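*Asks:* The following block contains the structure, expressed as structure tokens.
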């Protein structure tokens, strides 16, 4: 759509929402902006504020940032001790790094399992394609928590996997309460998020390119390496983000499947808040965690905007 | 041809991985033994126990209504948000709104939960509202992240929509509000339904955010399930999971069949 057409195309909206009738338009914008400002943006600012307080006994259990002294003087007290502690205490540093490691490894494993699945579904014939796609989406609609629980029953010491191993005379393996269980848990629960974007890019892939490549004498793996894989990079990127970002902050999986030595930043935040009731420290951990996710978030946002904007033009 | 076998076996492995744990959970929900993994005969006693457990039933009922309320409020706000983002091309704060509407999608649950709790606590000490935490604060929290999901679904449908229909109605003298309710809304209604269902499911499923913002006496279903699982094996959770899986499977099957029939009609 060219620039000159824009006024004509949006004419009726201009009637209601244009300069002459700004109220209707303002109302439509105002409601979501107000809600998201009050309940999404302001809370993040509050977290940042409280991360600069220290734990105190009382309700609420943190020190006041602003205190009114004698004669009405307002005093601002900021503490950097929480951030200092996060940087110097190995607990937080380890949790931070192992969250990134666990999320990254799980993402790669999910990609390795999800790619062939997405490829197979994209190449399947019509009724089958829909059935397989539905089978991928189905677990996503069932409860996340119950799927993690199902997995724990599967991997338990006297669970199904060890039962099967026992048939072949293999000793039971300790899987639960290890980092391995956390990897499996993340891959298991987030696999649909990897498969769906991969499927979307692979199904749009022009088959004639693959045929041309084969006609020119390329071996299947060469075709895959030089055509299919590069063309599916947007799907790989989207799927990886959708697994990596939530995995970093994951709480349920490390707490139900991992052992006491499985440190993840989401679990540390939870314990800081619920077990130690140290709200300022938990807030500082949240701010630190935001730093890891903010870059991928911005990349996601830009990619999403590009897709939506591209379609309207 | 060897490559195809490789892809096929990897796909089979992937689906086995997705469904193995779920199938074993369903099978063992009919197990008579309290030890979840030792089979000692068919029984429906865990279903009987589940339906006698008022704690779980109350929590399920509460979660259901929280999900209905959050998804419905979020549907209205998310649709307004989509209209603003898609139809109003330029206005001050458009980038900010787009950012606010998609950031909750990728915000870790622990941060969303903590930040909302701290907001509620600060607001209570400043203006006295909300007085205490409970169902109301959970609905506010769930609505906030549901807006983001509904906006994704509705926004993409709205930007695919052919403007000429709306323009034709305008040219025939319909007011913009009437055009929206008579033309736009019916056309995007499938997106509204799937957005609402998505929001409903996500609200029903949330453990972390609800744990932060709930108060005494307002334990949602995931909170009750989580504390049961933490205490150890509980076969009635298997029964509950089987019931949920059955409902979801029927729903998704029906939706897929409907969609397949519709696309078949379109192509014929």
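Even glycines carry a Cβ here, placed using N, Cα and C.
For reference, TrEMBL lists these features for the protein:
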TRANSMEM  B:7-30  transmembrane segment
TRANSMEM  B:59-85  transmembrane segment
DOMAIN    B:60-258  domain 'ABC transmembrane type-1'
TRANSMEM  B:97-123  transmembrane segment
TRANSMEM  B:135-158  transmembrane segment
TRANSMEM  B:179-199  transmembrane segment
TRANSMEM  B:237-258  transmembrane segment
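Where in this structure would I find these features, and how exposed are they?
*Replies:* Same-chain residues lying 6+ beyond the ends of the transmembrane segment (B:7-30) with a Cβ under 8 Å from its Cβ atoms: 36-37, 39, 42-44, 46-47, 235, 238-239, 241-242, 245.
Listed as Cβ neighbours of the transmembrane segment (B:59-85) (distance under 8 Å, sequence separation of 6 or more from its ends, same chain) are residues 91, 94, 97-98, 101, 135, 138-139, 142-144, 146-151, 154-155, 158, 180, 188, 192, 195-197, 199-201, 203-204, 218-224.
Counting residues 6+ beyond its ends, the transmembrane segment (B:135-158) has Cβ neighbours under 8 Å at 62, 65-67, 69-71, 73-75, 77-79, 81-83, 85-87, 101-105, 107, 112-113, 116, 120, 184, 188, 190-192, 194-196, 198-199, 202-203, 206, 209-210, 212-215, 218, 220 in the same chain.
With a cut-off of 8 Å between Cβ atoms, the residues of this chain six or more beyond the transmembrane segment (B:179-199) that come close are 67, 70-72, 74-75, 78-79, 83, 146, 149-150, 153-154, 156-158, 161, 165-166, 169-170.
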*Asks:* Can you tell me which parts of the same chain pack against the transmembrane segment (B:237-258), counting only residues 6+ beyond its ends and a CB-CB cutoff under 8 A?
*Replies:* 22, 25-26, 28-29, 36, 46-47, 49-50, 56, 225, 228-229
